[in-house]
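Over in TrEMBL, the protein carries these features:
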- 345-362: transmembrane segment (TRANSMEM)
- 368-390: transmembrane segment (TRANSMEM)
- 402-423: transmembrane segment (TRANSMEM)
- 435-455: transmembrane segment (TRANSMEM)
- 467-487: transmembrane segment (TRANSMEM)
- 493-518: transmembrane segment (TRANSMEM)
- 530-548: transmembrane segment (TRANSMEM)
Amino acid sequence: MRDFVLVFDQNLPEEDQNSFFEKLEVQPQSNLPFDQFNLQDYSSKDNILFWVSDEQSKKIIEEANENSPSIAFLPHPELILIAKTLGVASSKEKAFNHFLEAEEVEVFDLLEINGELCMNSLVIGESLSILYDSFENNFFQNLKERFRRFLKLFRRVKLKSYKITYGKEEEKTIEIAAMGILAVSHCESNLIFKRVIKDSGLNEGLMHVIILAPKSLFSIIRFGLQNLFFPIKGSAIPDFLSYISTEKMTIESEEEFTFASDGQENKSGKLELGISENKARIFSDFDSTKEKEDKKKELNVSSLPMGKLRMELTKGYLPWVRHATSEEFKELFTLLKQNSQTSSTYLVLMALSTMIATFGLFGNSGPVVIGAMILAPLMGPIISLAMGALRQDEILIKNSLITIFWGVVLGIIFAVFITWLTPLKTMNSEILARIRPNLLDLGIAVASGIAGAYAHSKEEIAKTLAGVAISVALVPPLAVAGIGLGWGNWNVFWGASLLLGTNLAGIVMAAALTFMLLGFSPFRLAKKGILISVGILILVTAPLVLSFREMVRENQLIQQLSGKEIPHGLLRDVKVIGLSPLRLSVTILSDHELNNQDFKEIKEEIEEKIQQPIQLELTLGVKLFD
């Protein structure tokens with residue numbers, strides 16, 4: 001238990017002063033009003049406990065050095081900034097007990113900005129005003145103000161260029177585009193740093209800096225929502241944040257920028273940051289067991305917008321979606337250009353996959369058809385076509401269309417050839433599923449297109465997996481179209497061709513939109529290609545809507561009848577053979593013999609149940625159990 005001197009704010013009500021002094025279990029050596037206190041009268045062996053305001057506290061901290069007494073603070077109605085910086089408990093009793101129990105008061109790191117102390121945090125950038133509050137306002141006023149600032153994030157935002165030099169022994173300089181920068185002397189006093197940076201120590205002689213460099217408005221809005229409502233948790237910091245811990249840092253810009261030190265706004269073109277050399281011993285109520293982290297850290301610094309990307313992002317307003325630079329997708333464009341070429345390997349795989357699919361369709365074997373999908377090389381030229389349409393690249397569009405055309409023609413030729421060699425002429429379930437396309441098939445195509453584009457944009461995703469998804473939508477209808485031609489059955493051919501065309505348009509449109517959202521083309525350039533893809537998709541989708549409505553109607557009829565009891569028995573195995581006129585196949589399960597009159601009555605009972613006339617194919621089942 002230490003001896004101490006209590007210094008109090010003389011402006012506090014006298015009754016509050018007397019009440020507090022009486023409750024103290026451990027009495028101070030003396031009680032002094034602040035206006036009678038002189039720090040120079042005490043040595044480094046003394047302990048001073050202050051019950052004062054922010055303004056009074058700041059004067060003491062600015063004056064303190066390594067020869068000054070140890071300093072601690074009690075909560076005060078006007079101690080807001082310092083209380084947040086030092087983690088002062090809200091209860092005087094609790095704060096007082098923590099002070100008495102502390103074994104040793106260590107040197108407390110404080111941030112200096114252009115030679116002036118910053119007690120809590122530095123925020124650079126007008127757009128980042130959502131991250132700080134005025135310490136002069138109350139909680140509800142600050143909350144209202146933060147919501148107002150958050151709404152501003154939906155408006156146009158510009159990134160600024162900053163030149164940042166940091167490090168002491170090994171100095172580094174980076175030129176970046178950023179929306180804003182946050183700096184503190186330690187992470188415990190700032191909620192954003194506590195959420196984002198794990199395992200940072202106290203008083204390790206390093207300041208902590210977060211740089212926010214979003215590449216799209218969506219990134220800003222997402223961060224604003226996280227800051228207002230959802231804490232950032234987890235070991236990995238978000239990709240739009242970069243973190244640096246260092247002894248000193250210089251931040252420069254060609255134009256003046258807005259910054260706020262402890263919530264007070266100002267403007268400057270250059271800021272010099274560092275840890276104050278005044279080694280004042282100040283008691284903080286943060287976790288004293290927290291280990292020191294003497295090592296400097298850098299996280300996500302390499303992902304900051306530099307070079308061409310920096311210049312691109314600072315030219316105008318931040319786009320809604322991220323725009324990748326030519327450097328970022330140079331490798332992707334090279335791959336897409338290669339995939340758009342008609343090669344012998346592509347043609348051989350196309351022929352083999354269609355042959356396997358055709359044999360599988362005739363054998364009514366789903367696994368064999370799946371094997372054909374794995375082998376099919378259709379994803380390459382289709383994804384290239386989507387990128388060509390998105391970026392209005394005529395050469396890429398032309399080469400992709402030629403490659404797709406020869407692949408389709410070759411596939412149909414081999415499917416027709418196998419059909420002529422095969423004596424089977426009956427349509428099974430695998431074939432029937434490809435001649436009655438509906439909106440569900442289009443949904444598969446759209447999802448496949450998204451998967452294909454996303455797989456191409458991410459190196460870590462196996463592109464063959466997305467290729468299977470695309471082949472699901474294209475290879476079976478291509479083979480069925482060839483079977484229809486081989487049979488001379490135009491209904492089969494046109495039904496499968498419609499499915500093939502719809503799926504192709506859906507995949508191209510979905511892949512193009514995905515590439516646009518991933519930033520591979522600005523909307524002004526992509527608009528024409530997207531509109532053409534959507535127009536073609538709408539034209540081929542119209543028949544699918546009608547087919548889907550028929551499918552829904554069939555399902556409704558089956559649900560109305562299947563498993564239902566009528567006077568003559570139980571209805572089972574209900575199938576819709578045709579809708580115009582309505583033709584049903586039904587099995588009726590009865591416990592007695594039925595005659596022609598019963599059959600007519602069964603038809604009438606079913607018509608009464610569904611409220612429309614039908615043609616009926618009836619199968620009789622007899623119950624042999626109780």
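Numbering starts at 1 and runs along the chain as it is shown here.
Quick reminder: no glycine exception, Cβ is built from N, Cα and C everywhere.
Looking at 345-362, 368-390, 402-423, 493-518, the range that has the most CB pairs within less than 8 A of the transmembrane segment (530-548) turns out to be 493-518. Residues 340-342, 346-347, 350-351, 353-355, 357-359, 362, 377-378, 380-382, 384-385, 475, 478-483, 485-487, 500, 504 of the same chain lie 6+ residues outside the transmembrane segment (402-423) yet bring a C-beta within less than 8 angstroms of a C-beta in it. With a cut-off of 8 Å between Cβ atoms, the residues of this chain six or more beyond the transmembrane segment (368-390) that come close are 333, 336-340, 345-346, 349-350, 352-354, 356-357, 359-361, 396-397, 399-401, 403-404, 407, 430, 449, 452-453, 456, 463-464, 466-468, 470-472, 474-476, 479, 504, 507-509, 511-512, 515-516, 520-521, 525-526, 529-530, 532-533.
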